[in-house]
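Under the heading K(+) binding site, TrEMBL lists 228, 247, 249, 252. Feature annotation from TrEMBL assigns GTP binding site to 228-233, 247-253, 272-275, 333-336. Look at TrEMBL and you will find 232, 253 tagged as Mg(2+) binding site. Positions annotated as domain 'TrmE-type G' by TrEMBL: 218-374.
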Ligand code: GDP
């Protein structure tokens, strides 16, 4: 991978804005900029300074700009970096980019700035990936998780354990050198203890994935119940806009829209809201299957009956619901149609009364949803795994360690033991980037935007 050249990209979003920031990184970032900059001699300035000047293409003034200098290694990429703040017109930005490319810079590939930061040791791979998550985060919860990971998160934890395992690996290699003498440098009991310790950390991280994913992408939630009880109306009330189509005719289909609701920083992602209309009849044989399949994707279900049904009917449906092991909130809609006696009958059950149409009880429902999520024991300050690549590496490590344990308990030769430990080290290293291949890096960084 070539890091000897100087790369350039627009770092702010495409389109006009008040300011556009063009970033250069590489050995010649400052000297290339200096060729078109009319103002102070940038090559003579100290790091972390701002300089006002003109960008000129020959005699033509392209823009008035401010150039920010970061001299290696004190920059994001640990290379020389210049950030040119120009006026945010597409035309100006294109002119400046073209001009600097003519002077020797190369258009950056997606994620290439962050790739360089990683290659130059600014952070490990999982932290680099957290940068992408941080930029993409759109709720408090996903932001918390990304920040945590960017600041070291579980890679610190894994690094310490990996170092200890490296120590054992070298001891066992040493044994191989003295194979004829039948010596044991690596204490097998200590090795077993270490592996059990690593395993317990792995298991915690692996099981955190489900929750990490929920926080990153939103809590998947389903509104279920018979046709016409008011599910679409509730969805509208929750989203506070006419996204779902409400119709008098049960079973009207509509396009699938992924609807999201942000309550106090937690995103709720409504699954298959189109299905609300087309398959909701839980007693119909086919309907049951399809509704169940839909509900099983959820972490939380809002189960709705309406005032036209009886408490016994509700009970029957809830009994069905209990068979799938997903937490739910039972709501009785159209409470505006109730008389007091009917309401009392339902009040025996643990239900929330709603009038979706009148927007009554919707705020209470939101509070109840949050309370349910807290019961799912989400703790955003904990170390959570949110990345499928990390999950796979953790699972691979776990399998490799199982082989190591097996080798300790049923020793054949140290060769096998050494091999399995190496395998485990390999997978652990993949997470933090101690072990990388060009393909892996390409795969990770190509998902970034250009300019990151
Ligand atoms: P879905 O099939 O479960 O999605 O039900 P809809 O949301 O399409 O509602 C079916 C009918 O019930 C529509 O005519 C709604 O206007 C009506 N409806 C929904 N919520 C309420 C409510 O709180 N009170 C009353 N009286 N009618 C409602």
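Glycine is treated like the rest: Cβ placed from N, Cα and C.
Since we're looking at a predicted model, the values are computed, not measured.
Fewest Cβ neighbours within 10 Å among the binding-site residues 228, 232: that distinction goes to 228. In the three-state DSSP classification, residue 228 (K(+) binding site) falls within coil. Taking each of the binding-site residues 231, 334 in turn and counting other Cβ atoms within 10 Å of its Cβ gives the largest count for 231.
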